[in-house]
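I'd like to ask some things about the structure below.
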Amino acid sequence: MTDRILEFLRNRREDGPCLVLDLDVVRENYVSFASAMPDTRVYYAVKANPDPRVLELLAKLGSCFDTASVVEVEAALASGATADRISFGNTIKKERDIKRAYELGVRLFAVDCEAEVEKIARAAPGSKVFCRLLCDGKGAEWPLSRKFGCDVDLAPRVLEHAHRLGLVAYGLSFHVGSQQRNPAMWDGALKAASAIFNDLGERGIALQMVNLGGGFPTRYLKEVPAVRAYAQSIMQSLRKHFGNHIPETIIEPGRGMVGNAGVIEAEVVLISRKSDDDVVKWVYLDIGKFNGLAETMDEMIRYPIRTSFDGDETEPCVLAGPSCDSVDVLYEKDPYHLPVSLEIGAKVLIEGTGAYTTTYSSVGFNGFPPLKSYVI
Ligand SMILES: *Cc1c(COP(=O)(O)O)cnc(C)c1O
């Protein structure tokens, strides 16, 4: 929460929930990453918040970009970044999208199987590829499941195939799970990566790069370690597993770059109880799962919520969104404590909402417009 955001909200006259994002905080976050990891290139994960002003600021600061689609490649180019600063990091791409990215100048692609390597060899000949390893996401509040990456036994074959087809077998990547609160979680993946570097090295393929992915957390209700702690832990693991041959490294922060730069202002629409002896109150906001707070799915991300009644006695509340869909409940299994004095019509501030909110908002479910966003 910054004074600039509070000042902006004091002067705002429009109705409806909105996100306000403070670019000064994004700048500070970029500088933290760049200074904590001076030998690592930063590829901002565009999907976390693709607002053009965020991308322009980061391009100016020297950031590179991790993109997931042609539209994101174009957004990164429009921000002023040259194509050599863009990685097409989605492992699931249509061949014609690979071709389009190649025509736009992109030469760095993620893969996790031989079929994807073949698409890239045809549509983006001679490009660099890195193979994504499966990571179990332990310790992460938003784990990434088995959807991306391949087993460590398969990765050498995928990269060897790339090499044979005239691509540059460039390196490995992994993602330890989003909102990863344990800096030691990079160690296992780096150990596996170094074994693959050795294995392929013996077969004449010299990998050069390890993509350390995202996962750097933002502060929600619980304290999180500082970027420096992640940098130290990662550096230690790199030394332990790669010795004097530390490869080129990149990171792809999304949440950690923009999460704490944004605050959503919302309004209490209704407060009620389901029966006279109900122990929890129901508090309905004008924002829910369909217009910005999708990451409350399974109650995984718990946002800090500020009200003007803070300091008063609190009571457990079920917190829900405004739409006519029964899944539009934010916190119920683990009720949210809110002030007893909270009133219908009161404004609430939902902190840490700069990442994964605006673009996760539906185009108009129930007639509720997409989340408004102001970048200041
Ligand atoms: C989403 C994503 C990121 C960003 O993850 P955060 O946890 O938000 O930092 C980085 N890399 C890839 C490949 C991704 O898909």
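Cβ atoms are placed via backbone N, Cα and C, with glycine included.
Copying in the features that TrEMBL gives for the protein in this structure:
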DOMAIN    25-258  domain 'Orn/DAP/Arg decarboxylase 2 N-terminal'
MOD_RES   LYS47  N6-(pyridoxal phosphate)lysine
ACT_SITE  CYS324  active site, proton donor
From the Cα of the residue listed as 'active site, proton donor' across to the Cα of LYS47 (N6-(pyridoxal phosphate)lysine), what is the distance in angstrom?
28
Provide the three-state secondary structure of the residue listed as 'N6-(pyridoxal phosphate)lysine' computed with DSSP.
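The residue listed as 'N6-(pyridoxal phosphate)lysine' sits in a helix per DSSP.
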10 Å Cβ neighbour count around the residue listed as 'active site, proton donor'?
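The Cβ of the residue listed as 'active site, proton donor' has 9 Cβ neighbours within 10 Å.
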